[in-house]
Amino acid sequence: MNMSEANRVTEFILLTFPCSREVQILLFLLFCVSYILTLMGNGAILCAVKVDHRLHTPMYLLLANFSFLEICYINTTVPNMLTNFLSESKTISFTACFLQFYFFFSLGTAETFLLPLMAFDRYLAICWPLQYPTIMNSRLCINLVVLCWVTAFLCYPVPIYFITQLPFCGPNIIDHFVCDPGPLLALSCIPAPGIELSCSLLSSFIIFITFFFILASYMLVLRAVFRVPSGAGRRKAFSTCGSHLVVVSLFYGTIMVMYINPNSGNPAGTQKIVTLIYSSVTPLVNPLIYSLRNKDMKAALRKIQMCTKISQN
């Protein structure tokens, strides 16, 4: 069988969550509300940072960029998932599937780069407070953010290109709600251990390097915090870093389960739940984690709320 004969699949079927029609509608409503709340929460943080000039600092610029990333991230999966809940066919074209794969992984990689950058910012602010304004100025912050985005979007084009060249001759059913490398590689007509290994090594390298960078940053932060003589100063430092650590734990805990070995044989139900946590739940709770634990952010959000009420009156 040559390549042109084998590569007959022109679309895939994303099963999403197979269940009765009534449950599908219930899930549609649940995820639709979650999606709207995610957009509103992260959008509120973007507006707060833009409107309040007191938040025009590297820490909040990074947070605004992170919120924008979460908005983009959730838009790669949830709209299609919502469509599938109401659709009978649940199909996605070959090209659209791999485009989703590319943007989903590129944005996820951008998050693994932004989280260490946020940890580095907190390290500089706490361990080098006097030099911090000079070192982490707005120009350096913007350059580092641009570097994160550009590098993230350059990581996966080559692996994805090689996966697209595999023969997909059927079946074309993906028991997932997103085009993920594990289920896609399982549908190939021929084994591709080299591609599986390269995807696994690339994912492992990105995940562990960035994770250990975050751990190293916070070990240095903790050492500096315990040297602070004031109890109030220690509490403030822990409060500032605590939000970030919660987000790191949620995100890295789930992606380590999924992508160290993309075809490790995890049950389909486990894959869906774990993917759902870092692709939908984490973007939903991030605004709550950051806004509820940050006085400046809460003040800025109240300011926006007051301005909105005044304009409506």
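One is the number of the first residue shown, and numbering goes on along the chain from there.
Each Cβ is built from the backbone N, Cα and C atoms, and glycine gets one as well.
Per TrEMBL, the range carrying the annotation transmembrane segment out of 173-192, 273-292 is 273-292. Scored by C-beta pairs under 8 angstroms, the transmembrane segment (273-292) has its highest count with 25-48, from the stretches 25-48, 60-78, 98-120, 140-162, 201-226. Here the listed stretches are 25-48, 98-120, 140-162, 201-226, and the one with the most C-beta pairs under 8 angstroms to the transmembrane segment (60-78) is 98-120. Averaged across the domain 'G-protein coupled receptors family 1 profile' (41-290), pLDDT for the predicted model comes to 86.
Beyond the ends of the transmembrane segment (25-48), by six or more residues, the same chain brings 17, 19, 55, 63-64, 67-68, 70-71, 74, 78-79, 81-82, 85-86, 280, 283-284, 286-288, 290-291, 297, 300-301, 303-304 to within a C-beta distance below 8 angstroms of the stretch.
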